[in-house]
Amino acid sequence: MPPKARAPLPPGDAARGEKLFKGRAAQCHTANQGGANGVGPNLYGLVGRHSGTIEGYAYSKANAESGVVWTPDVLDVYLENPKKFMPGTKMSFAGMKKPQERADVIAYLETLKG
């Protein structure tokens with residue numbers, strides 16, 4: 001499922017992305033090293049990881065079998081409309097329509113690595 005060609009995202013601001021994450025994603029996801037899964041999987045180390053690979057989380061079949069690697073470009077398309085990108089995903093989030101907000105969240109997610 002490689003993303004279609006699209007305009008590049010604007011530069012992201014990780015601090016703004018952290019605020020957006022806490023306001024829109026932290027209800028379901030944790031983002032700390034070794035953190036427990038919530039309603040959704042822990043997103044620490046997400047960028048560069050294969051989809052469906054966090055131990056102990058019950059992924060949807062669509063997610064577990066997608067073969068997706070979470071690159072910034074893939075995350076951009078996914079975060080815009082998760083259900084369109086990956087039909088069958090368990091993620092109930094409707095998506096982020098503003099490119100700057102997606103860029104900011106992706107910049108934050110890129111900081112979450114050991």
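Cβ atoms are placed via backbone N, Cα and C, with glycine included.
Per Swiss-Prot, heme c binding site is recorded for C28, H29, M91. Counting every protein chain shown, the number of other Cβ atoms lying within 10 Å of the Cβ of H29 (heme c binding site) is 20. Look at H29 (heme c binding site): DSSP puts it in coil.
According to Swiss-Prot, the N,N-dimethylproline annotation covers P2, on the basis of similarity to another entry.
Residues or ranges marked as N6,N6,N6-trimethyllysine in Swiss-Prot: K4 (among others).
Residues annotated as N6,N6,N6-trimethyllysine in Swiss-Prot: K83 (among others). According to its DSSP assignment, K83 (N6,N6,N6-trimethyllysine) is helical.
Its Cβ placed at the centre, K83 (N6,N6,N6-trimethyllysine) has 15 other Cβ atoms within 10 Å.
Counting neighbouring Cβ atoms within 10 Å of each of the binding-site residues (C28, M91), the lowest count belongs to C28. Residues C28, H29, M91 are recorded as binding heme c; their most distant pair of Cα atoms lies 10 Å apart.
Between the CA atoms of M91 (heme c binding site) and K83 (N6,N6,N6-trimethyllysine) there is a gap of 8 Å, rounded to the nearest whole number.
For the recorded site, M91 (heme c binding site), the DSSP three-state label reads coil.
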